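The structure appears right after this line, and notes come after that.
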Amino acid sequence: MLSIIQKKEFFSFLHPARELWFWWLTLLAIFTSGRVVFFIYFYERIKDSDSALWLTFVHGFRMDIISACALLLLPAIILLSSPVSLAKISNQILKLYFLIVILIAIYMEHATLPFINEYDVRPNVIFINYLKYPKEVLATIWPLYKLELFFAFLMMAVATYWLLHRRRISFMPVLTTPVWKRLVLLLPVMLVLVIGVRSSFGHRPANPSDAIYSGNRLLNEVTKNTLHSVLYAVYSDMKHGGSAKIYGSMKQDVAFNRVRKRLHIASSQTTDSPFRRVEKSHFESRRAKNLVILLEESLGAQFVGSLNPNEHRNITPNIDKLSQEGIFFKKLYSNGTRSIRGISGTVAGFLATPGKGVVKRNQAQKDFFTIAQLLEPRGYKRSFFYGGESRFDNMRSWFSGNGFNEIYDEASFNKDDFHGTWGVDDVTVVEKADAYYKNLSDKGENFVSVIFSTTNHKPFDFPAGRIELVEGVPEKSVENAIKYADYAIGHFIDLAKKSGYYEDTIFLVIADHNIRVYGDDILPVDMFHIPGLIIGGGIEPVQIDSVTSQPDLLATVLDLMGESFEYPILGKSVFSENKSDVSLLQFHDIYGLRYKNEIAVFQPGTPVETYLIDKNDRLRLTKHNVELEKDNLAFITTLDALYQKKLFH
């Protein structure tokens with residue numbers, strides 16, 4: 001039996017480890033409390049999951065341990081190896097470190113709920129990317145999340161007071177212990193922490209995919225740890241840089257051939273642009289047509305009466321009316337969930353690359369195919385209109401570097417115009433664009449132009465008095481913002497008809513993506529459904545019921561221009577005899593390749609699965625479609641190669 005003195009000496013010897021134990025438990029308490037809140041808040045959406053709900057706390061605790069152990073690595077080294085002579089300095093460093101870590105942990109748990117409400121996932125690399133735009137983000141967050149911010153800062157203030165004044169953090173008793181006694185503990189403590197961080201004795205350490213145990217995607221998100229998700233996303237982005245390697249490997253020529261076969265695209269005669277081919281028009285035109293792409297921010301199909309029979313609030317009267325005058329696409333699906341994916345899909349005919357979108361990536365800032373580059377040799381004037389700051393998402397650099405020589409953004413408008421959080425309202429933008437087009441038309445010059453709207457973006461700023469507000473919702477709501485955007489569309493088309501260039505112009509009205517993507521499916525296909533409409537002089541009304549993508553619509557408008565074009569667009573005109581019903585959907589790091597009513601879903605770290613898509617775009621697991629699953633990897637490999645090797649021009 002150990003004597004009382006021996007026991008005291010033993011526990012005194014373990015005192016440094018006990019100090020770390022306290023902070024480890026504190027972090028776990030913060031993380032677990034957050035998960036309990038999320039579990040209760042989202043219970044209605046996760047209660048019918050196909051997996052045991054209690055497992056979210058088991059798998060979640062594992063994610064929390066990873067984060068807590070990782071956060072203790074640095075202080076453990078300082079605490080257990082710092083010389084006694086540096087005790088005061090080390091004490092201040094540790095006090096500051098733990099104060100910052102605890103405050104960040106508290107803030108991130110509070111930030112998680114509104115982030116999930118917005119993106120239906122825990123904070124990830126998007127959370128970090130938006131820190132580049134503090135003005136816009138603060139102006140968006142403050143009006144919408146005052147209560148959440150108040151509670152976050154209140155809890156942070158309480159934690160600061162408790163740590164500094166009630167508990168009076170001090171590591172001096174440990175730091176003044178002879179260093180040899182602490183060094184004895186360094187190896188075993190570090191070993192335990194490293195094991196905790198790896199959370200695996202296998203070849204690879206654990207990662208966020210280990211929290212995925214259910215077919216209910218939101219339940220998996222509740223299971224994850226926010227700090228771990230954010231830091232792992234940043235690490236993965238820095239390490240892989242958007243590389244396709246995390247999805248698997250496939251030989252480049254095999255991937256190219258699979259993509260060509262799936263899209264029914266002929267082999268290219270050039271190796272430096274493997275998808276470039278000549279597409280002959282199915283139409284005749286006596287003179288060159290103008291082209292205007294009106295790209296609508298976050299316009300989901302569920303708000304459009306002509307696409308959603310359950311929508312009776314008349315939110316989009318102009319789109320509904322115009323859908324009877326032109327080519328209306330009833331099963332159009334966006335590239336992804338971010339504006340830059342919609343821009344590259346609609347303006348370049350490109351699909352979503354792994355990692356960051358090409359609009360923001362270095363090797364696509366020049367000599368990357370766009371509609372402007374295609375029409376520049378034919379003498380077209382090329383312009384981009386945007387009510388906000390074109391530096392956002394690197395748009396100015398990408399557009400100007402790839403053929404658009406005239407850019408009009410917020411700085412181009414008058415100070416007395418309506419300026420909201422995200423820029424000038426849509427009506428003001430289309431009026432400026434109309435005046436520009438009319439001037440070119442009067443001089444007999446052809447033009448290709450992109451107008452990107454801003455109104456339908458939180459906090460939904462738009463001038464009063466132009467629309468009849470939707471009943472039963474706040475004035476600043478997504479419904480009213482969409483109604484104002486719809487009003488701007490109708491107003492613009494009316495101006496074009498009065499200005500005289502309508503008959504010689506093809507107009508593509510299309511959304512960049514849906515509103516915030518939410519849903520319980522691993523990939524919520526219904527939230528990729530967007531409206532698409534082609535109108536203009538000589539366009540015959542028709543409804544397209546086949547599955548289409550944003551690149552398909554770009555190929556279609558070029559077909560309607562009545563000329564043959566050579567381009568690498570990863571889509572086909574809907575008037576082509578061999579058009580394939582294919583769309584590639586990207587949701588964060590998840591890829592879904594859809595063919596008709598089947599979709600192969602690929603997520604890093606988990607087995608690829610095939611699902612059936614029902615009439616409501618909901619998923620039901622089915623037997624593996626091996627060829628579709630292989631083609632999914634082929635698309636990912638191809639897109640990565642086209643960008644990395646500059647083969648899309």
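The chain as shown is numbered from 1 upward.
Cβ atoms are placed via backbone N, Cα and C, with glycine included.
As recorded in TrEMBL:
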| type | residues | note |
| --- | --- | --- |
| TRANSMEM | 21-43 | transmembrane segment |
| TRANSMEM | 63-84 | transmembrane segment |
| TRANSMEM | 96-116 | transmembrane segment |
| TRANSMEM | 144-163 | transmembrane segment |
| TRANSMEM | 183-201 | transmembrane segment |
| DOMAIN | 289-562 | domain 'Sulfatase N-terminal' |
The transmembrane segment (63-84) in contact with the transmembrane segment (183-201), cutoff 8 A, at least 3 CB pairs, sep 6+: yes
For the transmembrane segment (96-116), distant same-chain residues with Cβ under 8 A (at least six beyond the ends): 23, 26-27, 30-31, 33-34, 37-38, 41-42, 71, 74-75, 122-123, 127, 141, 144-145, 148, 151-152, 155-156, 159-160, 163-164, 169, 218, 221, 226-227, 230
For the transmembrane segment (183-201), distant same-chain residues with Cβ under 8 A (at least six beyond the ends): 13-14, 16-17, 20, 62, 65-66, 68-70, 72-73, 76-77, 80-81, 210
Beyond the flanks of the transmembrane segment (144-163) by 6 or more, those residues with Cβ under 8 Å of it: 98-99, 102-103, 106-107, 110-111, 113-114, 169, 458-459
